[in-house]
Amino acid sequence: MTIVQSAVYEPLTEQKATALAVRLGLFRDGAPLLCREIGDGNLNLVFHIVDQETKQGIIIKQALPYAKVVGESWPLTLKRAVIESNALRTFASYVPQYVPNVYYSDESLAITVMEDLSHLQIARKGLIEGKTYPLLSRHIGEFIAKTAFYTSDFGMNQQEKKKLAQSFVNPELCKITEDLVFTDPFFDHDTNNFEDELRPDVEALWEDDRLRLEAAKLKRKFLTEADVLLHGDLHTGSIFASDDETKVIDPEFAFYGPIGFDLGQFFANLLLNALSRPESERRPLFDHIDQTWDVFTSVFSELWRTESVETYAATPGLLDEVLRQAFVDAVGFAGCEVIRRTIGLAHVADLDGIDQKVERLAAKRHALRLGRRLIVERAELAGTDGFRRLFVETER
Ligand code: SR1
Ligand code: MG
């Protein structure tokens, strides 16, 4: 009798993940496999399965039908697993060196089976330990430039672009960002989470009409501008790194949005790490911001000049305007990300891990002042040096 297994969704266990890997033929027969669930993010299960003899491994990532960070009371679409595997494959067609290989994906099980990157470290963890990752910003600048250009109306057939954008419509995950990044931290909302001592600082933000107007403009951009395919959650926890390798993971928030968004999230998370360091150790973070922007602009500009499919691309001034607007938006998005990682639902270990309460609160107050200035003064920054200037000016 043949037993047909219908792939009905169920959360995997370590045993079931191992059985699945064997069924998919991803290991040689009889291999001694060890599986551990290692997911430490906000949303998913992550199984690491290793052949104990060859040390070869794979990762099986499975979406849960709710947000793990909150619990089953916050239901969340399983479709994000399809978005993630499709985004990884799309990015791989432009920058295979910066994303993990996808071996297999299954929509009904909401899984993506991919390359084991355990020889690398999550960049946030390494940065917290004081690592600097000399090539991180060169790689991320190139990753953003190429994925943005080739998925834009300047880098691909414009009819194909509309179809690609349709396949990345991602309303539920976008809503998380619309709420948690652009809305809740600017209002007295119950998802916010901050120390009682910060309440006067936070209430001052909530009463700041100028800030609220500028946050609203940035949210509108996020809601309405279908410019390029974005990773959508490009913080340092979505990046594996070593001194010479960088891999971008976790694009379940991918969608068509404003070109400055991924840049802004990456800048913000470098700033959040700088906020956790003594002054003498901050320089590599600011150098990374400079380098990301320099590499992004030079790679993007070269592609624009040599590979653009849009008649207007050669119009003097247009590229400069696209880059200028991308920078201004990135600064504003960075400000929103810095504020939400300080007082919103999902914090970062860079700030929460500061042992001494007095220092932690001081760093968080600094983050709020910095985030605010990035948002309201984003059009006046005039280059990445502006991040250093605002960082110093908001120190106390
Ligand atoms: C409910 S999800 C909270 C956060 O985790 C993800 O990594 C995104 O950054 C999201 O905003
Ligand atoms: Mg993630």
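For all residues, glycine too, the Cβ spot is worked out from N, Cα and C.
Automatic, uncurated: that is what TrEMBL annotation is.
Now, the feature entries from TrEMBL:
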type: DOMAIN; residues: 36-267; note: domain 'Aminoglycoside phosphotransferase'
type: BINDING; residues: N44, K61, E115, D116, L117, D250, P251, E252; note: ATP binding site
type: BINDING; residues: D233, R340; note: substrate binding site
- Task: Sorry to bug you, but what's the C-alpha spacing from R340 (substrate binding site) to P251 (ATP binding site), rounded to the closest Å?
- Result: 20
- Note on the structure: Quick tally, other C-beta within 10 angstroms, E115, D116, E252; top of the binding-site residues is E252
- Task: May I ask which of the binding-site residues N44, K61, E115, D233, E252, R340 have a CB within less than 6 Å of any atom of ligand 1, listed in sequence order?
- Result: D233
- Task: Using a Cβ cut-off of under 6 Å to any atom of ligand 2, determine which of the binding-site residues L117, D233, D250 qualify.
- Result: D233, D250
- Task: Work out how many Å separate D116 (ATP binding site) and R340 (substrate binding site) at their Cα atoms, rounded off.
- Result: 31
- About how far apart, in whole Å, are the alpha carbons (Cα) of D233 (substrate binding site) and K61 (ATP binding site)? 17
- In the three-state DSSP scheme, D250 (ATP binding site) belongs to coil
- Query: What same-chain residues, at least 6 away in sequence, bring their CB to under 8 Å of the CB of N44 (ATP binding site)?
  - Reply: K61, Q62, A63, L64, K68, E252
- Can you tell me how far the Cα of E115 (ATP binding site) sits from the Cα of R340 (substrate binding site), in Å? 31
- Does DSSP give R340 (substrate binding site) helix, strand or coil? helix
- Task: Just report the maximum Cα pair distance in Å for the recorded ATP binders N44, K61, E115, D116, L117, D250, P251, E252, no decimals.
- Result: 18
- Item | Fewest Cβ neighbours within 10 Å, where candidates are the binding-site residues L117, P251, R340 | L117
